[in-house]
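Record features, source Swiss-Prot:
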type	residues	note
BINDING	Arg166, Ser196, Gln290	UDP-N-acetyl-alpha-D-glucosamine binding site
Amino acid sequence: MTKIAYTGGGTVGHVSVNLSLIPTSIEKGHEAFYIGSKHGIEREMIESQLPDIQYYPISSGKLRRYLSFENAKDVFKVLKGILDARKILKKQKPDLLFSKGGFVSVPVVIAARSLKIPTIIHESDLTPGLANKISLKFAKKIYTTFEDTLTYLPKDKADFVGATVREDLKQGNKERGYQLTDFDKNKKVLLVMGGSLGSKKLNNIIRQNIEALLHDYQIIHLTGKGLVDDSINKKGYVQFEFVKDDLTDLLAITDTVVSRAGSNAIYEFLSLRIPMLLIPLGLDQSRGDQIDNAKNFESKGYGRHIPEDQLTEVNLLQELNDIELHRESIIKQMETYQESYTKEDLFDKIIHDALNK
């Protein structure tokens, strides 16, 4: 039996692979526990979705790419985080650490190295994030979701493993999806989702274009928390702040999606063969990882993308029309993609790579 420490947090994407792998490790007879921040989204997700897994909070600071007084304060938070993580790891004595990235992971990876605990890290985006760039110096291996990411990493440490897509994704119930929306089964469905926080600009453009869009589609609009507009009441248009348990049913009836370009989400659409129009987070809100993801997917023929600062009512409709025009060829391109590793295969690889010299 192997004991595995998991870490990663700050965004949903830095937790989702762990949420998939932890149950696999338990099913295979191993032990698992989680190290994350005190108040991050990872704590909420792990404690609500995996209540039997012990969660250990540590101090953590944010890794900023710009000069700020907060950077000086956060150095001390990171140092304390290393001490916190070292204390936990010393007591729990895991055989290995699996890190999904995010700023909370850095002190855990450094602490693991100080205790000679082998670490495997995972990068979901096309270009490695700052946390994983730092952690790579202390890790045994880094796994990538995009094959092209290998060009940014040392050959002896990097392996392409592809996306780990949750198994229930393809079990959505179409009948349930139509019941939830009261949609016509004979008209196409457009799913619009602006990420966990929503996108005010995307929401506004969808609403300004509502009549034109409803001519061709029925619309499921996931607006983000607090961004539902109750004044809009039109047949064929439904709004939710966000959807959790019923999302697979809504995806089952979706023909086209307009979405952010987070790695986990776009690989789920790819797995389901849903053509996508991607509106990545801009450089004013991120390091540009979603822009790279979106460009990569467009270059492979999986859909189209519009930078958020260039998004207009006109080009939204133009790109959706272009997707409809080329729908058959887009889906054919999607069908050429093959998932590399099941979560069971990935877990076995983690164990092998971490524990074999």
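Cβ atoms are placed via backbone N, Cα and C, with glycine included.
The Cβ of Arg166 (UDP-N-acetyl-alpha-D-glucosamine binding site) lies under 8 Å from the Cβ of Ser16, Ser20, Glu268, each on the same chain and at least six residues away in sequence. Summarising the environment of Gln290 (UDP-N-acetyl-alpha-D-glucosamine binding site), the number of other Cβ atoms within 10 Å of its Cβ, over all protein chains shown, is 27.
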